[in-house]
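*Asks:* Got a structure here, written out as structure tokens. Questions coming.
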Amino acid sequence: MQALAGEATRQAAASASVNARGEATEAAEIEAASKQGQTHLPDSISLPFRRSTRARGCISVPFGGAEATPRFHFHPHARQPFDGMPPLAPRKRKAVAAARGRKKKERVAPDRISALPDEVLHLVLSLLPVHDAVATCVLARRWLHLWKEAPGLSVEWWDYDEPGDRFISLVDRFFTLRSSSAPLNYCSININFPEFLPEKEQLFVRWIQRALRCQARVLRISLIDWVELPNMTLISQHLTRLELQGISGDDNFLDLSGCPSLVNLNMDTCCIYVDKLSSSSLKTLCLSQCQFSIEYHIWLCFPSLVSLELSYCPGRAPFLESMPSLLQAIVRFDDACEDKCQKSVSGGCDDDDDDYCFGCADEVVAGYGTNGMCLQGLSEATHLELSADPAVYVFRRDLKWCPTFAKLKTLLLDEWCVVGDLSALICFLQHSPILEKLTIQLQKAPTCLMDSEGQYNTSELPFVSNHLKIVEIECKEVNTWVWKILKTLTTYGIPLKQINIKQTSERNGSGCFNFVCTGFSYN
């Protein structure tokens, strides 16, 4: 190896000596020619250069002609165009490396989320499902325990497959590891468990109880199927809002006496099979498409209620007890209500063989005629919307014991009030002394029932219209029913100039109305 190294050294020295002699010869020739005054110069000269210890070459510089361009002759061992350049000084190398590092850092977006305070990050984590919120613990050391203090919890499972043990264990572990010092503002449980999962009821009971132990103020439970929660009682001093969907409630679960701070209750597509639903603290109640019993009437007792919405609930209509603080109420009955009759305006046809008139005659036995069912409890409202299928007799029967709506200012009615001789409409107006606006919606022509004449005595009370400013009739077409309403209202002292007819235009789409002039003669 030493012999080979020595031979290579000698060959390199010989090559360098030959190149040096060649370069000296060319320089001597040029200098001699200039001394003798020769004007002819060689076509080109070769300027040697070295890129490194291994790569050598020369540049041939031509002397004439516009087309002459320098030619580069690289040594056969040349590798890169700038291999012959001297290496950078150590200080310069550090500067170049630092500049390249700054450019790489500029390409990376700054972490602005981590710069936010913990309170904001807690709110962000509250918007995520529980499995995503827990997964943020691997982002950085600061995120390791943030999820434990998030003020909101969202448990979601919308797959049609059975939830795995890992998901159930994750939710259980979340409640266990959650910081006890951080209050839970709201808890949302949205689950689509399959029907064949037998232990799903116990899962819901366990999660609801743990959410209440965490002092949840808002509890939302949304299920696809009607799920019974046996032996489950809601007890919480902190719960203020309860939203239920797909729950089959019994007397234990719907006993609200254990929640003294509850002010808002919203139930959608639930089964309510209880004799009485009550709360002394509740201020807002919304029951939408909830199934009532078809065998008895449920009692609704909420003395502090301010807002009530009861929409399209199948089964028997509920009894509404007095609500002195009530401001607005919306009550809607469709043909799924069991209190209906096709043969009598106010029921009581005594036809037990008619399935459509099921139960319309047994109200006398049940004490229906004491104070009515709904209107007495709604008499303190300032805004009322009462809608019912023409066959549903709940409101018309209540008008026999019609209370005085001393605070009512706006009223919306539909087809049920114009069945027969319009005496139901006039009776309602006579018991609303400070009414300012009346709206009548006619989506379809009412059916004229059997004994519709003279149901209510409208001659005892005068029709007070001093405060009534406007009457709006919303209809698809101006037909004989509209004409009949106009004639009745003008007979009781309402001038035509206060009546507007809004005709729904099917061609222009729903919600688009064309005003029709009412200044025509109906004689």
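Every residue gets a Cβ built from N, Cα and C, even glycine.
Any TrEMBL annotation is an automated prediction that lacks curation.
Since we're looking at a predicted model, the values are computed, not measured.
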*Asks:* Identify the region 'Disordered' range according to TrEMBL, selecting from 25-45, 235-255, 340-360.
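*Replies:* TrEMBL lists region 'Disordered' for residues 25-45.
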*Asks:* Which residue range, 1-20, 281-300, 301-320, 421-440, is the one TrEMBL calls region 'Disordered'?
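*Replies:* Matching range for region 'Disordered': 1-20.
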*Asks:* Please compute the mean pLDDT of the model over the domain 'F-box' (110-160).
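*Replies:* 82, rounded to a whole number.
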